Amino acid sequence: MAKTRVYELAKELKVTNKDLIDTMARLGIYTRSHMSVLENGEVIKVRNHYRQQWRAAKLARMHREQATLKGEGPVPTRGVPDAPRAEEVPSRQVPAPETGAPAQATGATRQPATGSARPANTDETRVQEHKPATAARQAGDAPAAEGTAAAGQPLDGKELRQAVANGQGTEEPRQQPAATGQRAQGGEAGRGQQSRQKKKRRGEGRSRQDENKGSAREDQANRFATRDKEAAPSAGQQSPAEKGQRRPAHSKPLRIPKPPEAVTKDLPEKRRDRSNARPGAKPAESGRSRKREMENQLEERLMRRDKNKGKAQKHKETPKVVFKITLTGSITVQELAKRIGKTAAEVIKYLMGQGIMATINQELDLETAALVAQDLGAIVEIKAEKPITELEDLVDPPETLRERPPVVTVMGHVDHGKTSLLDAIRRTNVTASEAGGITQHIGAYQVRLKNRKITFLDTPGHAAFTAMRARGAQATDIAILVVAADDGVMPQTIEAINHAKAAGVPIVVAINKIDRPEANPERVKQQLTEYGLVPEEWGGDTIMVPVSAVTKEGINDLLEMVLLTADVAELKANPDRPARGIVIEAKLDRGRGPVATMLVQKGTLKIGDNLVAGSVYGRVRAMIDDRGERVNSAPPSTPVEVLGLSELPEAGDIFQVVEDEKLARQIASSRQEEKRQEELKAASKTTLDDLFKQMEAGEVKELNLVIKGDVQGSVEALRGALEQLSTSEVKVNLLHGGVGAITETDVMLAAASKAIIIGFNVRPEANVRKAAEEAGVEIRLYRVIYEVIDDVKAAMSGLLEPEEREVILGRAEVRATFKVPKAGTVAGCFVTEGKIQNRALARVIRDGVVVFEGRIESLKRFKDDVREVAQGYECGVGLEKFNDIKEGDVIEAYTIEEIQREL
């Protein structure tokens with residue numbers, strides 16, 4: 001049990017700290033202050049003292065009340081302090097006393113003023129109901145004193161003490177009936193009511209006695225001490241009797257305090273019953289009961305709130321939230337997690353479970369994002385709306401079509417004379433300007449023959465220019481396949497045939513170099529038949545014309561065959577529509593900016609047109625034809641150089657004229673986004689398997705390159721050729737590839753990434769060279785693609801790890817062993833093969849099994865240290881950190897040589 005402090009006990013007894021300390025001093029309990037701690041025995045002693053005072057005060061008050069009822073005036077209290085006020089009892093009038101004889105009654109008894117015949121104490125009623133037999137016995141022989149008390153007459157001292165002992169002090173006061181009270185109708189009703197009241201009083205007395213007998217325990221004071229808090233008197237309070245007040249019989253209802261009742265187990269139930277029986281009265285509950293009631297109310301309130309909250313939560317949790325998202329393109333991990341209602345960590349965890357290492361800002365392509373969202377419980381809708389990037393190619397009505405010049409592509413193997421043949425047709429010298437006599441990019445020209453135009457496209461024949469050759473085949477109507485009569489069919493010849501067949505382009509074969517003595521056109525025809533090109537004279541449909549670019553023999557026949565093939569194909573186009581065509585080549589001119597060579601296929605391109613070329617937009621500011629002259633319009637099948645683009649387009653992009661610049665900008669922006677998504681999708685993903693492979697194989701070495709070329713096609717060709725050189729050990733990493741001169745920005749990029757700058761047909765400025773020297777960046781300039789490939793191969797070979805090879809130096813047989821102090825075991829050996837060198841690598845072989853691999857620590861010949869011992873000589877050999885050598889072992893000396901590898 002917890003200790004009690006003085007101020008807590010004073011608060012419980014409702015007295016001041018000073019009065020309590022004085023009282024405890026009179027009782028022999030000395031304390032220093034109100035914070036002093038009291039023992040349990042001291043607390044019980046103080047409570048019993050105050051309880052005796054309250055009991056005496058209650059008895060004195062009962063004397064005063066009885067005297068007041070008789071009209072004798074207040075009784076002096078003789079200095080006894082008042083007991084604390086009990087709960088205020090509502091006024092109830094006592095019924096008029098009966099004389100006991102029915103004959104003396106006038107046939108009606110007096111009713112109480114309130115008109116209620118029920119007993120005031122419900123608690124007593126319940127006791128009476130539980131003990132009907134006892135109540136019946138008591139009803140038969142009720143004493144006269146009890147009847148007198150019930151009639152409102154005062155009790156003498158002996159009777160008062162007996163009433164208190166029987167527990168009747170708690171009976172609520174009864175008032176005299178009013179003088180003007182009405183009589184009850186029927187004497188039997190009045191007698192019945194009086195009889196019931198007597199029975200209840202006798203039952204109450206017996207129940208009180210039983211309770212007093214059963215509650216005689218030591219902790220009685222502690223059990224009802226808290227109840228007495230409400231009943232404790234305030235210090236210095238005077239009673240009305242002491243103040244000289246007199247209370248008449250017809251005044252306010254009396255307040256008779258209850259004496260301390262015996263605390264029983266059913267005390268709270270009795271109090272609840274009493275409070276329920278008197279709805280107008282204030283319950284005289286103890287502090288503990290009030291606290292318990294408050295706790296119960298709070299607990300009920302919390303339970304109701306939790307119950308309501310649980311219902312609300314249950315109502316909220318019932319519909320399962322399913323996120324429905326619409327995906328139109330790539331999306332970052334963080335944005336995807338936000339849209340499907342998950343955290344970024346959950347999405348990353350799922351991706352790692354699928355073997356994809358992702359970060360919070362990494363973008364996922366459309367397919368991956370849709371798969372992740374579906375697996376994480378979201379409903380995914382892929383918006384398949386037609387993107388703005390696609391421009392429909394309008395179908396022209398037949399009446400609007402006009403005949404147009406054919407577009408002819410000259411294709412073939414390198415050095416078979418394509419450019420020379422085209423030069424002979426144009427009667428201009430173009431080959432001399434090409435580096436090494438090799439065409440580096442597509443050239444577009446127009447030739448007039450018999451008042452008709454023919455547009456020629458010259459494609460490179462080198463293997464690195466496959467993409468450019470494929471674009472030339474896609475943009476052409478007729479393909480001229482040039483085959484040298486002395487060389488025959490070569491690899492690029494076969495590739496050109498495949499490109500033309502894939503594009504569905506008719507092929508005209510030009511067998512060139514027939515002027516040479518070793519020329520054999522028949523052999524060429526025979527070889528071409530193996531690839532499905534059968535000459536007309538052999539029953540096929542392929543036109544083959546022998547020509548000579550040097551002597552110009554057969555050139556007119558070749559052009560006539562081209563026009564004949566064009567007539568058969570009926571090439572037509574509508575010149576009165578917005579222009580549409582293909583980008584042949586693009587380059588960056590220092591004075592004019594981005595310049596694109598475009599071939600108009602439909603419509604007419606005019607100055608001021610807004611066009612979109614791939615992911616680039618612009619407004620046509622100027623157009624230059626193949627002769628270098630400015631033109632205002634370009635009809636179908638006309639190649640022109642266009643100025644006014646925002647950036648360099650890719651070779652092979654489709655261009656189309658649109659209504660205004662705003663639409664062109666929107667389309668270009670959308671295409672740039674699509675291009676970025678495709679690059680993201682095509683990029684190699686870092687998976688766990690890749691990480692394990694890299695960890696097992698070691699770090700992959702990279703050769704970083706920055707490529708700058710004169711035209712876009714050359715840069716693409718270099719990129720494709722160099723990327724093919726990558727191996728599992730050395731990778732070519734192209735950091736940047738652009739068109740134009742080498743700039744300081746390129747030097748800064750190369751310096752930061754330790755890259756080499758390769759310039760193809762471009763030259764750096766003086767300040768760029770100086771910046772490269774200061775930064776330690778190497779710039780290599782080339783004009784022929786062969787040299788670039790060879791030099792890059794050599795550089796990659798230098799990055800390869802050298803190959804290690806083991807070289808056996810010699811073998812020695814152990815014939816004796818010696819234990820040398822501080823040196824361990826030394827083997828006496830005889831060199832049987834080669835030589836044994838000091839500090840060489842060695843292994844000990846015992847019965848064909850290697851038992852040690854290490855290094856020779858010492859080598860001696862007699863007592864002298866030697867560098868090596870040749871075959872046929874004896875020596876002493878000491879091995880490093882190995883002493884378990886035995887006779888008969890073989891010591892094998894060897895070394896490791898590194899051999900440089902090549903690609």
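Quick reminder: no glycine exception, Cβ is built from N, Cα and C everywhere.
Range 412-419 is the one annotated as region 'G1', of 308-315, 412-419, 516-523 (source: Swiss-Prot).
Check Swiss-Prot against the ranges 437-441, 857-861, 897-901 and you find region 'G2' recorded for 437-441. Neighbours of Ile514 (GTP binding site), defined as other CB atoms within 10 A of its CB across all chains, total 20.
Counting every protein chain shown, the number of other Cβ atoms lying within 10 Å of the Cβ of Lys418 (GTP binding site) is 27. Following the DSSP three-state reduction, the secondary structure of Lys418 (GTP binding site) is helix.
Ranking the binding-site residues Gly412, Asp415 by C-beta neighbours within 10 Å puts Gly412 at the top.
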